[in-house]
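Some notes on the structure that comes next.
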Amino acid sequence: MLLGPSVLGQIAPGLSSWLLPEQVSERLGLDAVGTFGVLLLMGLSGMQVDLNLLKSNRLAITKISAACLLVPVVFGLGIGLLMPSVLTGGSNRLVFALFLAVALSVSAIAVIVKTLSDLGLMHRDIAQLILATAVIDNVIAWVLLSVVCAMAIAHLSVGTVLLTVFLIISVVAATIIGRKIVEVFVNSRQQPAAAEHSAGPRPILAYAVGLVMLAAAATHALKLEPVLGAFAAGIVLAALPPDRRSGLDSLHPVVNNVLAPLYFATAGLQADLTGLADRTTLAAALVVLAAAVASKFLGAYIGTKSSGRSSAEAVALGAGLNARGVIQIIIADTAYDLGIFNDSFYTIVLLTAIATSVMAAPILRFATARIAADPDDEIRRQDALPEGH
């Protein structure tokens, strides 16, 4: 943001224009690296999904994910329909509201994983519950996004909706089949530990990156979001045993500390905070941020209490799921490219994504300290430790 039109663009417009060329072709290189990073980030996030927890807590997860999806969608629709015309960019009001609804409904799985890992909470049952809920809500959100994009590009028809649903089901089926293939393949090619270590991490690293990119390209070819394919590939790779997955350890710091931040940086370069000087825009930004936070916490509270869980768990779920991060930025980018969000509203959504991600860690730390440990937590923690520890 400092190097974009908000700060440097006001101080040294020429230098800012050089850093952020107006010609799209001149920005393709930076955008490509950022996109590559976010696809790998989604792949690594998919590998964190515990399908056994999904099965064992399916009733609670269903209730929580439904509430955490529906409440933000209702908030987003209401605010989008009431938003001042100056911020809708002259776009279709319903499509604008639906894009905002989808943007508020998602959770940034990568941010959740990073926050939980930094706090040392990934082994906790509540962490897996947060992650499982985010996975379900995001999958449904991608379906909604595909439908809304179809509405923005052309007239929506029953055939368009059915085709989108069919394609999503096909991706889910391919993910399930892919996991089975990986499990069978790994079991049929068990190697001694010495041979495994002598082979080094490079083969599995190359295969994993290739699978993530191939899956992303496949979903893009199906007119779905590439991140959906990358995430599905991560779920497939999660079927690998821990000793094989350890070959991907070197990928985490590169993606989390270099490639993924580049995506945030490219988004920040496009944000123009000078628009917040307008009182209408500033008020809208505060309303959207308040709605984003309130809707996730309210949804988490409704879903958690209906499942017989504690208020501390509701706060922890709300804090984790409230982080929108790169997922919301992807949706904002899509709406911006389609001409649905104008510059001012794009900046509002971008700031919401950043603010909700920043507030996740302190609230999670506060809430999880008040949640009693589950017997499975220690087992999960021991499984996550490297051999010899």
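The backbone N, Cα and C atoms fix where each Cβ goes, glycine too.
What TrEMBL says about this one:
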type     : residues : note
DOMAIN   : 1-364    : domain 'Cation/H+ exchanger transmembrane'
TRANSMEM : 28-47    : transmembrane segment
TRANSMEM : 59-82    : transmembrane segment
TRANSMEM : 94-117   : transmembrane segment
TRANSMEM : 129-154  : transmembrane segment
TRANSMEM : 160-182  : transmembrane segment
TRANSMEM : 203-221  : transmembrane segment
TRANSMEM : 283-302  : transmembrane segment
TRANSMEM : 314-332  : transmembrane segment
TRANSMEM : 344-364  : transmembrane segment
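Annotation: stretch 28-47 has the most Cβ pairs under 8 Å to the transmembrane segment (203-221), among 28-47, 59-82, 283-302, 314-332, 344-364. Outside the transmembrane segment (283-302) by six or more residues, the chain places 64, 67-72, 74-76, 79, 83-84, 87, 100, 104, 107, 276, 311, 314-315, 317-319, 321-322, 324, 345, 347-349, 351-352, 355-356, 359 with a CB less than 8 A from a CB of the stretch. Only sequence-distant pairs (6 or more apart) were considered; of these, at least three Cβ pairs between the transmembrane segment (28-47) and the transmembrane segment (94-117) are under 8 A, so the stretches are in contact. Away from its own ends, the transmembrane segment (344-364) comes close to residues 83, 86-89, 100, 103, 108, 111-112, 115-116, 118-119, 121, 267-268, 270-273, 275-276, 278, 281, 284-285, 288-289, 292-293, 296, 315-316, 318-320, 322-329, 331-332, 335-336 of its chain (Cβ-Cβ under 8 Å, at least six residues beyond either end).
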